[in-house]
Each structure stands twice: as C-alpha cells, then as structure tokens.
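These come from TrEMBL:
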- 1-142: domain 'N-acetyltransferase' (DOMAIN)
- 71, 72, 73: acetyl-CoA 1 binding site (BINDING)
- 144-285: domain 'N-acetyltransferase' (DOMAIN)
- 222-224, 229-235, 261-266: acetyl-CoA 2 binding site (BINDING)
Ligand SMILES: CC(C)(COP(=O)(O)OP(=O)(O)OC[C@H]1O[C@@H](n2cnc3c(N)ncnc32)[C@H](O)[C@@H]1OP(=O)(O)O)[C@@H](O)C(=O)NCCC(=O)NCCS
C-alpha cells in the first residue's frame, strides 16, 4: 500500500482501473473532483503489488467538515480483500470520522461499508427529465402573484424565506447576503429565471433556475415558507421554472434532491423526473 504523489505511469494505471470499473459497474467510481486530483497526481492511496489494483481518494478533514473518501477496486481483483484494506487505510489516515461516497447504489459498496461498521447516512439523487416531455399548464391561484427576482431589492426577503424553508438543511438555509451576491455575480445568473410567489403579506416561496455552460437546465433551489406549504405552491413554482427552461431551449433539466426529502422526490417524479444518478454516503451514524 502506498500513498506518495503518483507518478505519470501510476496515474495512467489508475485511470485505466477507473475505466474498467466504469465499464463493469455502469457508473464511474470517482467524482469529477477526485478525478481532477488524480490527473494532477495528487495525494491518493493505492493497493497492489506489481500493478495498482485499487485506489482511494481522500480529502482530509477541514474546520467545517469531516474527511471524505472515494475508493475503487479493479473488477478483475475484487473479493480478495483489497477494498477492505483500502477502506481501513483511509480510516487510519483520516484519524477521525470519515464519510465515504459511493457512486451508483451498488451492492458491493453497501456490503463493504456494512461489513466495516459504516451505515448509509445519506443518498443524493440527480433526477432528470427531457425539457420537451409533456408538461402540465401553469395555473396560479388568484390570491398569489408570480414575478421574477429583482436584484438589489429582493435579497433580504428571499434570505428569510430560504432560512425558514431550509431550517433543517443548514447547508442551504444558512446562506447569507454574501452567498446570494456571489451567485448574482456568476455568468449564469439570470434574474428572469428566478421566480418568486407572493401575496399581500409578502414572499411565500421561490424557484431559482440555472442554465449550465453546457446548456443543461437545472432546478437550482425551490423553497416554500413553512406557513405556505401544502397549498400547491411548490408545484406551481417548479412548473413556472420548468416552462421557463423549456422556452430557453435547454435539452434536459436536472436537479439534486436528498433521498430523505420524500415530498420533494414525489413532486419531481410527478413532473416526469426520473433517477439519473445516485450518490450514497456511508459513515458513522
Ligand atoms: C466496493 C468495492 C471497493 C469492494 O472492493 P473489493 O476489493 O471487492 O472488496 P473486499 O474483497 O475487500 O470485500 C470486503 C467485504 O465487502 C463486502 N462485499 C464486497 N463485494 C461485495 C458484493 N459484490 N456483494 C456484497 N458484499 C460485498 C463483503 O462483506 C466482503 O467481505 P467477504 O469477501 O469476506 O464477504 C468494489 O466493488 C468497487 O470498486 N466498487 C465500485 C466503486 C465503489 O462502489 N466504491 C465505494 C466503496 S464504499
């Protein structure tokens, strides 16, 4: 087992291993971030004598987050203890709690994680639908007005609804004015794709859409104030954004949603979204 900076030939071997695993499993074992680090020869753990048969990418813990890892064993060398050895090494190296991300939802990953005492802590779905697939017409209740976001005016009200809607998801709910301003400065930011629903008392919910540089559309964030939930506003706002993305001519629309957010998953599935990828996080419960 080694963990020095990889040489050019080692990087080539690991990339071939990743390719073989992708072909065998039907899903790539490493995130884009881990692949970039690998191509740079960055810190990674390898197993195999004579040739590399397994690789682990490890991001050490930061002030805010525990360490996180991704690992893969060549399909021709599985069930020989390499995965377990890599995982144990990753945990030693992390010297604290570690989150292991597994792409796809494969039984081997679940088996290895379970046999090492790690539990499925989270699963993140990427759902997609073709933009041109049939879409219900947009109907807005008489008491609700739909309009688009006005930069410089709507930030504070938006932050408040975002905070309330995502009270249980601090990575979204704790956004600050700075977080919003930074995104307003991004080339993709388009206020005409950022929908707000309001009534006489104020802002009720929003749907912020995004168009990626490669042309894909995204349901970036949808949130409804807890006091206005259950009235169909989530569906109305989602539809408003989907019609917008379709008018903009995107071929596909994607979104990320946590498996545990069952009401959101149900809403998106009812609007024709299906599972494109699943990333599972294993860790200490
Ligand atoms: C998951 C993976 C790393 C396992 O590598 P491996 O070298 O075959 O694993 P090991 O031989 O060390 O197996 C250790 C234990 O994991 C479990 N396991 C491994 N493969 C399994 C499978 N196909 N089904 C069920 N359990 C499995 C078993 O409990 C096994 O112990 P055992 O062989 O004594 O029964 C490998 O299948 C892989 O690269 N998959 C794609 C990438 C991935 O999913 N990574 C995330 C890992 S959490």
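Glycine is treated like the rest: Cβ placed from N, Cα and C.
Caution: TrEMBL annotation is automatic and unverified by curators.
Distribution of TrEMBL features across the structure.
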{"residue": "71", "record": "acetyl-CoA 1 binding site", "CB count, 10 Å": "26"}
{"residue": "72", "record": "acetyl-CoA 1 binding site", "CB count, 10 Å": "28"}
{"residue": "73", "record": "acetyl-CoA 1 binding site", "CB count, 10 Å": "26"}
{"residue": "222", "record": "acetyl-CoA 2 binding site", "CB count, 10 Å": "23"}
{"residue": "224", "record": "acetyl-CoA 2 binding site", "CB count, 10 Å": "23"}
{"residue": "230", "record": "acetyl-CoA 2 binding site", "CB count, 10 Å": "10"}
{"residue": "232", "record": "acetyl-CoA 2 binding site", "CB count, 10 Å": "15"}
{"residue": "261", "record": "acetyl-CoA 2 binding site", "CB count, 10 Å": "14"}
{"residue": "263", "record": "acetyl-CoA 2 binding site", "CB count, 10 Å": "10"}
{"residue": "265", "record": "acetyl-CoA 2 binding site", "CB count, 10 Å": "17"}
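Checking the binding-site residues 71, 234, 265 against ligand 1 with a 6 Å cutoff on the Cβ atom leaves 71, in sequence order. Taking the Cα atom of each, residue 263 (acetyl-CoA 2 binding site) and residue 71 (acetyl-CoA 1 binding site) are about 32 angstrom apart. Residue 72 (acetyl-CoA 1 binding site) and residue 232 (acetyl-CoA 2 binding site) are 43 Å apart (CA-CA, integer value).
Looking only at Cα atoms, residue 71 (acetyl-CoA 1 binding site) sits nearest to 261 among the binding-site residues 230, 234, 261.
Rounded to the nearest whole angstrom, the C-alpha distance between residue 234 (acetyl-CoA 2 binding site) and residue 73 (acetyl-CoA 1 binding site) is 42.
The average pLDDT computed for the domain 'N-acetyltransferase' (1-142) is 94.
The DSSP secondary structure for residue 222 (acetyl-CoA 2 binding site) is strand. The DSSP secondary structure for residue 263 (acetyl-CoA 2 binding site) is helix. Cα of residue 72 (acetyl-CoA 1 binding site) to Cα of residue 224 (acetyl-CoA 2 binding site): a span of 40 Å.
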